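Asker: My structure is below; once you've seen it, I'll send some questions.
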Amino acid sequence: MEDRRPQKSCDEAIGSLVRQEYEAAVAHSTEALLAMGPRTPTPSTALLRTRALLYRIAARLQLKDYDQADEDCKHVFAEELAKGDGSFRAGLQSLLLDGSLQEVCSVLSKALYGEPLNGIMTKDMTRLKRLLSEIEAARSKVVFSEENEEDVQEGWQFRPPPRGVTSSEEYTLCKRFLEQGLCRYGAQCTSAHSQEELTEWQRRYASRLIRLKQQQEGKHFSENYMEALIEKWINSLTPERVMNDCVDGVTVEHSSDLSITVNTKKSSHSWTFTLFCKPVRTLQRIALLYDANRPHFSIAAVSAGDASALEPQPVCPGGCQEWSAASPVQNGMDHCIYTVEIAFSTEIFGTFRQTVVFDLGCEPVLMQRVMVDAASIEDLEHLLQARQQLLMTAKRWDSSCKTIVEFVPNENMDLERSLLTRYQIPLSADQLFTQSVLDKTLTRDNYQPRLHDLLYIEEIAQYKEVTKFNIKVNLQLVTSFMLTGISGGAKYAQNGQLFARFKLTETLSEDTLAGRLVMTKVNSVLLLPVFKERMGQNQPAGAKERVYEALIEEKTKDYIFLRVCKECCDELGLVADQELQVELQFQLNRLPLCEMHYALDRVRDNSILFPDISLTPTIPWSPNRQWDEQLDPRLNAKQKEAILAITTPLSINLPPVLIIGPYGTGKTFTLAQAVKHILKQPESRVLICTHSNSAADLYIKDYLHPYVEAGNPHARPLRVYFRNRWVKTVHPLVQQYCLISGAHFTFQMPTRQDVERHRVVVVTLSTSQYLCQLDLEPGIFTHILLDEAAQAMECETIMPLALAVKSTRVVLAGDHMQLSPFVYSEFARERNLHVSLLDRLYEHYPSEYPCRILLCENYRSHEAIINYTSDLFYEGKLMASGKQPPHKDFYPLTFFTARGEDVQEKNSTAYYNNAEVFEIVERVEEMRKKWPVSWGKLEEGSIGVVSPYADQVFRIRAELRKKRMSEVSVERVLNVQGKQFRVLFLSTVRTRHTCKHKQTAIKRKEQLVEDSTEDLDYGFLSNYKLLNTAITRAQSLVAVVGDPIALCSVGRCRKFWETFISICHENHSLHGITFEQIKIQLEALELKKTYVLNPLAPEFIPRALRSQHPPQQGPGKHQHSPPKAKGQLANHTEPFPPEGFVQPNAAVLMGNPIQAFTPPGAGAPASGKSPSPVQRLDPGASILYVPAVYGGNMVMPMPLPLPWAGYQSRFPMDPRIMSHQAAMYNLNLRPAASRTSPVLYGFSHASPLGLNQQQNTEKELLQEPSGNGKMDINGKAEHCRLLTPERKAPELKEKQGDLESVQNKSPEPQSNMGFPANRLIRKDPQRALNFHMAPPHPAFPSHHGTSQFPQQYGLSRPPLRMQTPMHPQASSFPPSFYSGPPMGPRGLQSPVLEGGEDPMGAGMSEDLKGVVRGLPAQMHQQPLRLNSFGEESLDSLLGDTLDGQASSGMDALQHQQQARVGQWGEHTPFLPAGVAPFPLPQQLAHLAQPGLRIPPQILRAGWGLGPAADEEPRPTMPRYPGLLREMLPQDQQYEQRDPAEMPPPQSRLLQYRQQIQPRSPGDLPSPSSSAPNHNFPAPAQPSYPDTSREPPVGFSQAPFPPDHSAGPLPVKYLLQEAHWPHPGHMLGHGLPFGLQAMAQRQDPGPLQHQQQKQQLQAPQSSLHSLDEYEPRGPGRPLYQRRISSSSPQPYPDSLEPQDQPVPSYRYPSADLWLGGPGPVPGPAPIHNIPCNGASHIGPHREILVSKAMSEEQMKAECLQPPPPPPPHPASAASLQHHGQFPPLLPSKQTPPDPGGGGNTSPAGHPKPPTMSYASALRAPPKPRPMLPEQSKKNSDPISLLQELSIGSSNSSNGYYTYFK
């Protein structure tokens, strides 16, 4: 009994600990210790004693009883010392295994490292730390052994699940396997093959997560310190007080630039930071925060002391990731100095970032950021050159708009003309969308109609694609040209015709999708001469322009040669040897598609195509046949089996015989041998069809010609060539077997007699249709052999089958695992138009079917390559039979790590990754130096480089050419089928940086459809056929260059890659990273580490784009704290592009749909604002950047500035993908502005060569969006201003006072300081939207005071009249802040763009002007502000219209401009120090006034929506609920949403919040979803009388210190009316709430500069209430946090009588910035950290609820309204991710009242955060139901066709909405 007592007490102690009853825990532990007494312990009691002591230590730490805890710690170690035999650690291990120490562990680590300010710092914690490290050491042993035994121990039955999953909901069932019982991916499939497997995967994920979490909690204290610090920063009420880049009393100097470039791959660098502390501070800890690049950085040395002497401190040899001070420095002086050396080293290319944290014993801790680019020094200038061809998308030329002069003579035969006429695209919906198309599968019954319709749909998609190619080129006119090489020869123009040659650029190469279409499916062009003057003279007015048809005569790699007809030459007076500038439109060659239609109609018997497999055919076998001496001895067993099947007597009916074999297994050899045997049968006749001419010629050159020459004239083949093929281009040996007309040297079509005279006819699939036209009776060919059958669509393959009957032996040979033919229509691709007949039959036949023969001996590749492809793609059936010599240094499967960032150029659909470019070039050089003799001569084609993306191909090719290695073949994978290389390099390009899991409901099907957009877009990461095609090109070596973590965690091929990398690891051919590191990073990713990624960080701008500008602060400069004139970090330079940077045109519009380009976030923070310790995306950690918790499907539209009028109206708008025109941005896709997420890489660390950059600066100068959605052109966000704690909610909203502050009477474009005006002008203007052309409204007269402005408006209902007096509003910043040159105010702001003001204002100081002028004029035009436009919210509109009133003209302009410069108060190349910040007066108080009614004009005006919006009900945005509650009922008709449409709550955290914290209308100030920047100057024109349509345009101006005035700005640029492309309100967007768009104005509008990049903006006010928001990501949790803990009333002014004077408002003095005395910051409500998991089209996220409703609901729920907290400005920048979070307003909740409702309660009732960020991460997510509008596509054919004809194009790739 005695023995049981201590055990029982220990159990009770741990129970109390878990229940957080710490006194009880101490009591129970003491009881256990007393029960054991002082007697000599046995091993079991010793363990019990240790356990009791540990529990007591934990409890005492929680009770803050540190001394007693330390005392207990002594006893623990005393026992260990007494024994000294290692039994102590063994005991700890056993305790860890049974889970007894979990609680102790977490208490210890939290107490020691999680809460540095709770008093513990004054104690000596050495023993406790040692105790924790002992427990850690024991745990790591336990975990290690567990991990190794995991699979065995758990006894899992199914395949291991795919990696890189961040939620068990991401596992899916394999639709294909369930439907067909067959999956091409086999064991490598990333979807489960049964419900049981799926369940097991989810269980495995959960158990692994638990294990990882335990591991993480037990991590060594340093990691816990780092995670605790970041979590604290994320959850902090005042994040800037947790971490900051400046700390009071500490000055930081650094020895070299914090951002450097190293130009060798193997390189190292170190930085020395000197911290000068006065008064003395103790440096307690230094840590490196950023997990991803840990292996590359370390703390090398630390010294401490004073100015006279520094003493080195102990640091681990070789450096460490975290350093703790052993003892405090006591030098008795008033200051101390620390020096810290941070070392960096790398052996791979990439971009590496790290954040160094210095903990000086109090918060905020100091942090500094460093970055290294490891890049090749080779400049990439040629890649930045503008593409020469101007791409245009204009109206297609046809007889309705142009007179088309056809080419004479027309060479089409009568039959071809009749085909073109017969198969016209049907125009009516019921003809195109028949039931057969909507059927799920192809059947014998729907065969013809379904394929006809899909072909028409594909033709429309090709047509759309080719319309993108209107190019302006210079034609060189010649009378003859010559081609060299085997197909060489000269061509001469005759009969008055001429040849014209033009050069191909990358735009038109086969490497791009549309280029490929032009090169393969276009054979004529229409040309329009550009010299209009000459043309205009002889053309009558109103006559249609004449365009001329020219034929494409020849296509080479570099040039296209046209044949120009005589009529054109005569009319235009063309002569040879001159140049002619023309506009070209390519004409799609419809003939091949018409021939496919014809082939479909010619197939008489479908049964050949749908063989009955219920009866297994018998292939007679006999030893004589198997070992026939006449069979070639080189045939292997499987090849002989194939020949037996092919030569089976025709009396035995066989279904089509499939000869399946990968590249190199001898398919062609087998078929050729079979032909010889067939010809031995009497009456046999063979038709050989191939997909390509080269393969057809191979049969003749290699097999039939030698056979005929050997004395077999009966085997003489007839080779049929396309009649227009130039004879010279055909091999002379093959010409012997062709029909050539003696006179014209052209090929002739065979006659029926010609065919009957030959027993072997060789054709390509396309020329086989000539045979069908000869009236040959079906069955004339006894055998039809189709080689390369997997590369042709089924509609092509059946052309020769028109000649087949039931008894015809049909043989299809090919590789079903190679690339399928490309289909441009996604709709048709989904319906398997691209699937070959071979592929379909392969799946149709059972696995052991005798007519499905797999050739399995590969003769061309090394055994290791064969084994890999065999296991992964061919069910393990392949064998290596050839002897390919390996390389002595490199295993045949080798992996080189490059951790760059994949980038998408502005107008391109492709990606590139410069780190991989440099790595490949270096490895190719190395391979050439180490070329083994056994590989033979190094020649052209020995080394191949393949990549899925054209942009990467161009870059690698250019880099290799520079190094004189042009013999290396660099191709897209699509172009290497049929080729082979001794060594093959694969550049995978993609990283997790841009690849997000597509987990939205609408995209879920992407995982199930093969060759889906994801396959195209993710390249090697998702398309297994692409991967197989590439790998099987190699003979001796496959070397992959890429990011291993991305490959193993993204896309459907991740399990293939995991296998590849593990093979490399086992064979020591994994370079640049270890397998362990990969596993660790994958686990970190799956654990959703909170600090791997800063989701709010801005896009990184490489140094290459900013080379001309010196850094603002060089080495040795000081960072003062608090910052007095500082905006960006010391090492940040302004991101301007290099001189001569030209905007690439939209040339590469073609190809895959424009995909998610890196989501931008925040830029430089305000001084005093906390910068993020978390680095922006690092190429090395790509895998870790985006835990899917941040989202699945972030699609960032990009602007495509297109310099011609009319482009805008070219495409219909699909808001999901519209990527040009501000008007077409779907702003719901924007990421939120950060809460001034720490100064990140937007403008700081440069990558000199475009590593991880968006190459085109127009898109990329990503500045931090401000809280209210505004951005300064000089690269800084407004919410980076000094948002001091003293400002209350009104000021935040008041910020919008300058949204439309002043009407600029001058036509001058106002320019912000920061960009010279000449950089702001774009060729392609956009029409101002009507709202902004509005005249001032009489009811809003401009206010003439410069430093005053009206505080409140009272508005009577219908008429807009002023009812209240204007009150002066004084500035409340000290006078010292108003130093610096004055600057004019902003003008109106347009939804399209914020134009730039002229920097040369008259009031500007001369030195400032000098700086501005100093910029080279040729530099690339800079992006202006893109405004919230597209799908805007009510609140933003109201804010824009009501937030201010007009102020007087020029002096007001000058003052506001001064303020905008001044708000920064910083040194930059454009801003002198000390400019005044922009005061934010309290201005919106009037909005809560009762009786305020918003006139409909205001509601309608300027709304960024068009008609489409009326079709979807959308919740509105309660920015001014008090105001909106007064709307009449008819105005509220859209207030209620159908419950079915209400997106349900998705995160547990949200539900938790709703249960625990009932809300009331008065709870929080209401949010605004996006305050658009409508900034552009109004024209200087008379007012328009018609105010009924126009909203008021009077806007307030913020106050300024007196005595600053300036003259008007000079007028420089105006555009003509003809250049405005937008006719009316908005293309394709409607206004919600049943509002109507304004009528179109004809008056010329003011100038608007084009924005050239997407600014992502969100208002600060959008944070005022966040309980309504819900992340929209599929099953992603929401992270929310409260911002502050005390609550002054939100809108004090709104509760005062209207005529009470408003107290003056001043900025607080500098000593209050960082939290000095003064008003306590008010709480802002909960913060959302945005998830990227957006739907494509998010409806508006908020709902207006009437006041009456709110009151009823409150009564119904008996809710007490909590206090309405105002936001804490310093952290209230919006984090709402527009379009990502549906509203979360359950039926029982109402939006908050901004204070007008009278619900005031005393301040100071904080709501503690209900859940930490980490807990939110861990909360299991719920699946997201589909939005109603997304849940299904319209299946009504008429609607489908209407959409089709409207042309819902994807803007860049010619897919239709319904063709997707």
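Glycine residues also receive a Cβ, built from the backbone N, Cα and C atoms like all the rest.
As annotated in Swiss-Prot:
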type: BINDING; residues: Gly661, Pro662, Tyr663, Gly664, Thr665, Gly666, Lys667, Thr668; note: ATP binding site
type: COMPBIAS; residues: 1107-1116; note: compositional bias 'Low complexity'
type: COMPBIAS; residues: 1286-1298; note: compositional bias 'Basic and acidic residues'
type: COMPBIAS; residues: 1301-1313; note: compositional bias 'Polar residues'
type: COMPBIAS; residues: 1641-1660; note: compositional bias 'Low complexity'
type: COMPBIAS; residues: 1760-1769; note: compositional bias 'Pro residues'
type: COMPBIAS; residues: 1783-1794; note: compositional bias 'Pro residues'
type: COMPBIAS; residues: 1847-1860; note: compositional bias 'Low complexity'
type: MOTIF; residues: 787-790; note: motif 'DEAA box'
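Help me picture where these features are in the structure shown.
Answerer: Counting Cβ atoms from all protein chains shown, Tyr663 (ATP binding site) has 21 others lying within 10 Å of its own Cβ. DSSP assigns Tyr663 (ATP binding site) to coil in the three-state reduction, outside any helix or strand.
A Cβ distance under 8 Å defines the sequence-distant neighbours of the motif 'DEAA box' (787-790), meaning residues of its chain 6+ beyond its ends; these are 667-668, 671, 688-692, 695, 699, 797, 812-816, 818, 820, 836-839.
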Asker: Provide the three-state DSSP residue tally for the motif 'DEAA box' (787-790): helix first, then strand, then coil.
Answerer: 2 helix, 0 strand, 2 coil
Asker: Pick the one among the binding-site residues Pro662, Gly666 whose Cβ has the fewest other Cβ atoms within 10 Å in this structure.
Answerer: Gly666
Asker: Name the secondary structure element type, per DSSP in three states, that contains Thr668 (ATP binding site).
Answerer: helix
Asker: Let me know the most crowded of the binding-site residues, choosing from Gly661, Gly664 and counting other Cβ atoms within 10 Å.
Answerer: Gly661
Asker: Find the average pLDDT over the motif 'DEAA box' (787-790) in the predicted model and report it.
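Answerer: Computed over the motif 'DEAA box' (787-790), the mean pLDDT is 90 on the 0 to 100 scale.
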Asker: Are there residues of the same chain, six or more positions away from Thr665 (ATP binding site), whose CB falls under 8 angstroms from its CB, and which are they?
Answerer: Leu855, Cys856, Glu857, Asn858, Tyr859, Leu878
Asker: List the residues in the vicinity of the ATP site, defined as same-chain residues other than Gly661, Pro662, Tyr663, Gly664, Thr665, Gly666, Lys667, Thr668 with C-beta within 8 angstroms of the site's C-beta centre.
Answerer: Asp815, Leu855, Asn858
Asker: If you count Cβ atoms within 10 Å of the Cβ of Thr668 (ATP binding site), leaving out that atom itself, what do you get?
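Answerer: I count 20 other Cβ atoms within 10 Å of it.
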Asker: Lys667 (ATP binding site) has how many other Cβ neighbours within 10 Å of its own Cβ?
Answerer: 22
